[in-house]
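Engineer: Following this message is one structure expressed as structure tokens.
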Amino acid sequence: MGLKKKKQYLPYLFLVFDLLVVVLMGRLLLGDTNKYQDPWNDAGRYRCYMAAFWHGETAATQIGDQCSWITTFGQHKPMNTQLRLISFMKAAHFPASVVTYFSSQSPTQAFHDLPQEYPLLVVVPLSLGLLGDSSSYEQTFAYFVIALTIVIYFLLVHWRSRASALAFALYMIVGTEWLLGIRFDIYPAFCTFLAVVLASYKRWNWSFALLAVATLLKFYPVLLLIPFLLAQQRELSSKKWLTWKRWQPMIVYCGICAFVMGVSLVLYITGTLAPFGFFSNRPIQVESCASSVVWLWNAVQHHTNVLAYRNTFGSLNIFGPHTSIVSKLDTYVMVGGIAFVTWLQWRRKIDLAKATLFLLLVIIVTGKVFSPQYLIWIFPLVAYVGGTNRWWIGTWLAIGFLTTWIFPYIYASAPGLEAVPLMPLFFPVTIARNMLLIVFVATSLGYYAVQRPEKLAVLTTSQNVKDLLKVEPQITASTELVVS
């Protein structure tokens with residue numbers, strides 16, 4: 001009887017433990033409140049965006065010098081400016097009423113000035129900071145971000161294991177402690193994570209709807225259509241090719257995206273197209289894997305002194321010899337990496353969760369930009385897929401530590417932003433972080449490539465059984481052997 005009574009109290013003890021963990025995690029992630037007083041950080045930039053969107057461009061400039069950039073027309077603006085679009089409409093014989101309407105659009109009007117690098121739906125999470133006092137936008141914004149991070153922790157406890165949730169908390173504390181509260185990236189990461197989980201329960205319509213929301217918050221999840229569509233079509237392969245149920249999730253995704261983008265075009269066509277020009281013209285960012293290759297290539301030839309570093313497109317970028325070649329090679333490697341991950345999923349060597357995670361990792365490794373907030377995209381999935389695997393935990397804690405070392409600490413030690421790459425430790429630490437990430441991705445994909453498809457069936461079955469997802473670490477450890 002005594003043992004039975006003790007077991008009755010276990011759920012409450014675990015709940016108390018979880019509450020202690022999330023309180024500690026929340027406090028550490030909130031960090032020093034002084035960082036929210038900096039009007040030039042990302043959250044301060046979001047405040048300018050929201051003032052310009054809700055009240056017009058003039059309202060943003062009234063906040064102070066921190067928003068003066070919002071009225072400038074820099075090189076990051078799309079080539080298809082409003083005047084060129086209007087000229088195209090006239091040449092294509094659009095109705096006069098349509099041409100007149102789009103000609104009258106102006107960022108000085110309310111609901112017209114859209115964020116220059118994000119889709120329209122990002123207005124929703126960025127507006128949450130306005131719910132507090134007007135002078136405390138950054139702190140209010142951070143509270144919502146950390147609250148959503150805590151929600152992810154409890155979802156991992158429920159759907160995976162408490163050990164996986166603890167790993168997630170460690171990843172976030174070590175890798176995103178300074179950055180999380182001033183970035184909105186947890187929102188698309190949450191939608192992507194929830195889409196993966198719902199897909200494991202065959203809730204395809206909801207899964208694709210969440211993937212659409214993630215895409216409309218930040219464009220990168222659009223590439224995740226590949227693994228999601230492959231998994232969904234395979235699940236319904238017994239049905240006829242043109243049946244409604246087979247294509248309903250994809251129609252849901254396209255419908256949501258088309259509706260939101262249509263509203264965005266009606267509000268401000270130039271602002272809607274701005275993100276596409278922004279990303280297509282971006283150079284190589286100094287923290288990316290491509291930048292490490294460029295620097296090493298020039299270092300071998302003793303030409304690092306000819307490299308230049310400039311703050312453009314909202315990031316610190318590298319310019320000089322070999323950048324164009326490396327950029328093209330990066331594109332080829334990205335296409336090859338995406339194809340290889342898709343092949344692994346097609347051969348049933350990895351499931352949807354792994355395919356989603358490794359597709360994101362391929363994008364990060366081969367992209368022209370590797371900002372520290374990119375870790376926020378993947379940490380929920382790393383905890384969900386990797387679980388208590390020691391190799392995964394050790395590797396990702398090291399990657400998170402090195403990323404935090406780079407930003408903010410090495411950045412803060414430089415006399416100016418464009419002097420950051422000239423700091424003695426910058427490229428050694430950045431190259432070490434990038435090499436560790438590349439080795440992890442390459443060895444993991446190689447490991448799954450040589451596994452038999454039958455091995456995946458055991459793991460997939462266990463992951464889709466709700467009771468097994470809720471077991472405690474000592475039981476989950478046996479399941480983790482399948483991964484390792």
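A Cβ is built for glycine as well, from the same backbone N, Cα and C atoms used for every other residue.
Taken from TrEMBL, the feature transmembrane segment applies to 12-30, 140-156, 186-201, 208-230, 250-274, 358-379, 391-411, 431-450.
Neighbours and distances for these, please.
Structural biologist: When Cβ-Cβ distances below 8 Å are used as the criterion, the transmembrane segment (12-30) is approached by residues 142-143, 146, 149-150, 153-154, 157, 162, 165-166, 169, 172-173, 176-177, 180-181 of the same chain, each at least six residues removed from its ends.
Panel annotation: around the transmembrane segment (140-156), residues 18, 21-22, 25-26, 29-30, 36, 43, 46, 125-126, 128-133, 164-165, 168-169, 172, 180-184, 186-187, 190, 193-194, 197, 380, 383-384 of the same chain, lying at least six beyond its termini, place a Cβ under 8 Å from a Cβ of the stretch.
Remote same-chain residues near the transmembrane segment (208-230) are listed as 118-122, 125, 184-185, 187-188, 191-192, 194-195, 198-199, 249-250, 252-254, 256-257, 260-261, 275, 279, 338, 341-342, 345-346, 352, 355-356, 359-360, 363, 377 (criterion: CB distance under 8 Å, separation of at least six residues from the stretch ends).
If one looks beyond the transmembrane segment (250-274) by at least 6 residues along the same chain, the residues whose Cβ comes under 8 Å of a Cβ in the stretch are 77-78, 80-82, 85, 102, 105, 107, 111-117, 119-121, 205, 208-209, 211-213, 215-216, 225, 229, 232.
Sequence-distant contacts of the transmembrane segment (391-411) (same chain, six or more residues past either end, CB-CB distance under 8 Å): 167, 170-171, 174-179, 287, 372, 375, 379, 382, 385, 417, 420, 423, 425-426, 429-430, 432-433, 436-437, 440, 484.
Within the chain carrying the transmembrane segment (431-450), a Cβ under 8 angstroms from the stretch's Cβ atoms is held by residues 288-289, 292, 295-296, 340-341, 344, 349-350, 354, 358, 361-362, 364-365, 370, 395, 398-399, 402-403, 406, all 6 or more beyond its ends.
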